[in-house]
């Protein structure tokens, strides 16, 4: 025991306990201190003896012995000589392991610039010397001199001299000045830098300068100089005089058979450096001519460059096989580099993989493990059991027994496996449910058996998928596997909070079949005592499964006290439903079972069960449902036959009619009445409509059949057609697929997404002819190619998301903020996209919710809204709630539980230590592969939607108009004169039911506050033109409307009416450039009429292309159109859909033609125009007017004299999230990104909780730009973490200083990942070289806060069960004096601890970990 304790003690000491990792530049002395000797020769090993050469790259004297405890010449062998240095060969006798960590060094004959600091942009050496990179390179590669000491001459320091200039200068001044070339020159300049003085100068310059670019440049340089000052790095260390040599076992040389060697590329690169270095030393000793020495120096510089980062400068050095050699930089970067290959992902022992097959008889927490695999995986456990039982005397004997597979071994295996969970994993692991724990059941055969209900989580199917098995070894690991990862503990999806253990396919079909009802089935109208009797009747053939009968049902209902009370009723049901009720757990209502169960209904049922009865019952129910479903699916005998695809009789008639219509359109086109585009669109519309009609006829035909009921009358019932049942239940197939089988295939898309106008009129049952087949392959092949590309893109998006969010963990319970985001139901047009209850479920209320219309508190602040509260919200018809959100959370590092709300996968408030960032990233990334790359415009749907021209109300209620300005015309109708008007319909409870955008110039039949009935049309407008509405009555007076200059006259050939068309500025003659055509309204005397309630004259400027049909001097009434502006057809813009759109949003990319937003609130006017742009002026109520130049071709949404609010959209186009953040703030940008991302996912029918997107948005917003720094540690214009500014501001507030002012900045996820505080995390993500260079120069410290950093240094992550471990370490760090007191008693009088003390200490450590785990596990049960 003593030895063991000593051994443990020694082991635990070796693990240096560190809290921070610092990276910096290595000084030459530092490199020499690491080194165990200088490498002088380029030789590696002797080709005959295979012994390393002395002083060579593998020298045993420098790096350590080749064999354990044995010197090279063999004089000293074995352990007793440990630590002796052999006098003959100079090798220390020790473990050969030291060859992995002992470094050597090379003394360079001349200094060499480090390529990372030279060439990694922006060049650090260039920045600190304030010289362009080109000049530095010319000095380094010996093309020109640089002045290092100007002396009393007219040369400047840092000035470059060519060879001639240098010689001239030397003649003039002799040795008064000093100029050098090569790295010596650069090193001298760096050594002479006075950092403090430079910083002072830069600061002064910053104060004086006004130019933006200069400020930026100075700030950059100042930051670098300050970093050097603070980190203690010296600038001259960026030029190396000593080169470290990697330990030899990290760049091995392996003899192959046949006398050849396989070697690491690094050895080649080192050999080159040493050869050139030695040659240079010799040349310097011989005092060779300058030009030769220079060439050698340049070659040395190049070879060192290649060793550090091959291919960064010039051509990469290649090996014998023409492939570039792998340098030190290549070793760490990229997917195969050190970070991603060996530190973030490791291969593990105790694992195996095999094909999976279905295990329909398993319980949810079990999986079938082949005996062969189990034997191999649990080997050590079996050995120890065999030995401890005394069955085998030694481990060796045990091994023999296992290899012979003796019968006793199988018994022991069964014992070992019992209750030892194993992990199953299916690649690709897109979310955390891709690895789950199961209890193994030993089976014959070689395939793993998987429970069918977990397939959805793994996204597995049994067409040859493989899965990997891992064995958790330690007790803690087994505990975690059982408590956190067991498949029974993962019933709900972390992405949406819905059950993920949901039956699919066969099971659904079986349940659907057994709960259907049939008219006049055998046994209809019978009465049964209980479900058991009903089942008996079915089994004995006295009644059919679908017969409508009456059965006595006993339900268990909760009473006031919350106890279950039995209630028995006689209910109408069917035999199948009664049988299904037998597996229902107590406390479920019968009405959930007493219906035809499709996939949705079953999912609801499991969800209901989980919320009512908890985990255990739900899991048992799911299992029972599965067994029943399989059994009855087999009974149903549903199959697919060709006769099940019934083609509707009306099909030919419908197609004939459509063909006739198309012919007519073609006729019109030939006679020039419609354009080619119109013809194409109309043809597609006709065929799309025909397809719909055929499909409708087909579905009516398939879905119902007429039967004779008991009274002898015909009655319609849902049909028992197999194909229809499969689609209707949601087991397999969809209406769209049946349409292709039995209706018509319809319109096909080309690979670019455009629609081929000839449809395929045949269906698959009739068969396609060659042409039709060819057309359909066209778009289908694109689909297959897309899928392959999609997967890679989706994986990359997930990786970026994980990287940006990885360090977000729940770190405290409540940050105490009162901020939050305001939630309302999502309404688009006439339908509720998402009800309020779905949006606030699982959130915490930020402010008391009042009962509508009263001051009474309905839901107090800080309440977690669960299903019960949702019902209250519905009942009281609340339609706006302020909930807490991750984006507004005040916690410095991490998020608080209250702001996050419910843990979706567990159903209670989230625990501390939960890694919400990673969960969010996985939830968004996992469905990524399902998102189509491009949204195919389904026949004509895209063009139809854009051309709305009226609003028809779907619900009765009251109309409410927002942002509305209008005039009333002579018919008493209202004509809108405002831009972004919204029309909402509100029901009697004050809930918003519908929400529409109404365009300018629309005619409304109802005013604000009017009542409407269902189906009423409340607004009309012309979708093709935009009118200019007169706001007063009067006579028209033309202004600047000159024929031939600003306008042209057109006469319609058919009607003979003439109209005036305004020309674009670009098309006018020079004389007309400055004229601004307008219509003024005057009274009979010719005076301007003022617009009511303003002092602005009524005159309307006409944009280009506007058409005026009225004449000068015509009378016009208020609300009439003065002119019309034709609208380019909207909706032809191809919207990027699917994955690329999501990526664009998270990368915060600026759209090509972003919308222009109003920078301030005020009145719009237009100033003087220039050639291609017009000047937009916004004049606020007080303060400066704001001017902006806008290109002519942009369509503006505002008229002169209109009032705009800050952040309003002025011109069409997509909004930039950066603008939204700047002008409308954090809430608006969160809203924007969340809604836009959800839009994409909703189209695909994927449900993701808003929380996850908010988490990513929080990470995108974690940087701020300092706008006013006062006397703080920040610089103006510097980008800093928001949390750092907040911490600084809290301190300043206590000291009574003014707070640092800052603006939040939105970064795309890639940028945000690279801008993280942790350089380890950033380096392992992308652009490794750049990140490490920057970090080293700045002497950055990594606090190891995130998950990635801790994985890389090999620690427990500060999340989940590792959260407590990190908290304890933090506590100990913050209270060193108490820690000392705690450790004092262990040291006894004699200064040594007893074994018992040490044992106790070790026990404490183990307990600590288990306690924290126990605490975490209990947190889930307290609810």
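Using the three backbone atoms N, Cα and C, a Cβ is placed for every residue, glycine included.
Features as listed in Swiss-Prot:
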BINDING   71, 73, 86, 89  Zn(2+) 1 binding site
BINDING   461, 463, 465  Mg(2+) binding site
BINDING   815, 889, 896, 899  Zn(2+) 2 binding site
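Cβ neighbour counts within 10 Å, taken over all protein chains shown, single out 899 as the most crowded of the binding-site residues 71, 86, 889, 899. Sequence-distant neighbours of residue 896 (Zn(2+) 2 binding site) (same chain, six or more apart, CB under 8 Å from its CB) are 810, 811, 812, 813, 814, 815, 889, 890, listed in sequence order. Counted over every protein chain shown, other Cβ atoms within 10 Å are most numerous around 465 among the binding-site residues 461, 463, 465. Cα distances from residue 463 (Mg(2+) binding site) to the binding-site residues 71, 86, 89, 899 are smallest for 899.
In sequence order, 72, 74, 75, 76, 87, 88, 90, 91 are the residues of the same chain, not among 71, 73, 86, 89, whose CB sits within 8 A of the CB centroid for the Zn(2+) 1 site. Of all Cβ atoms in the protein chains displayed, 19 besides its own lie within 10 Å of the Cβ of residue 815 (Zn(2+) 2 binding site). For residue 465 (Mg(2+) binding site), the nearest of the binding-site residues 71, 73, 899 in terms of C-alpha separation is 899. With respect to their backbone Cα atoms, residue 71 (Zn(2+) 1 binding site) and residue 899 (Zn(2+) 2 binding site) stand 64 Å from each other. Proximity of residue 73 (Zn(2+) 1 binding site) to non-local residues of its own chain (separation of 6 or more, Cβ distance below 8 Å) is seen for 86, 88, 89, 91, given in sequence order. Residue 461 (Mg(2+) binding site) and residue 899 (Zn(2+) 2 binding site) have their C-alpha atoms 38 Å apart, to the nearest angstrom. Same-chain neighbours of the Zn(2+) 2 site beyond 815, 889, 896, 899, judged by a C-beta within 8 angstroms of the site's C-beta center, are, in sequence order, 812, 814, 817, 884, 886, 888, 890, 891, 895, 897, 898, 900. Around the Cβ of residue 89 (Zn(2+) 1 binding site), the number of neighbouring Cβ atoms within 10 Å comes to 17. Taking the mean position of the Cβ atoms of 461, 463, 465 as the Mg(2+) site, the remaining same-chain residues with a Cβ inside 8 Å of that point are 356, 460, 462, 464.
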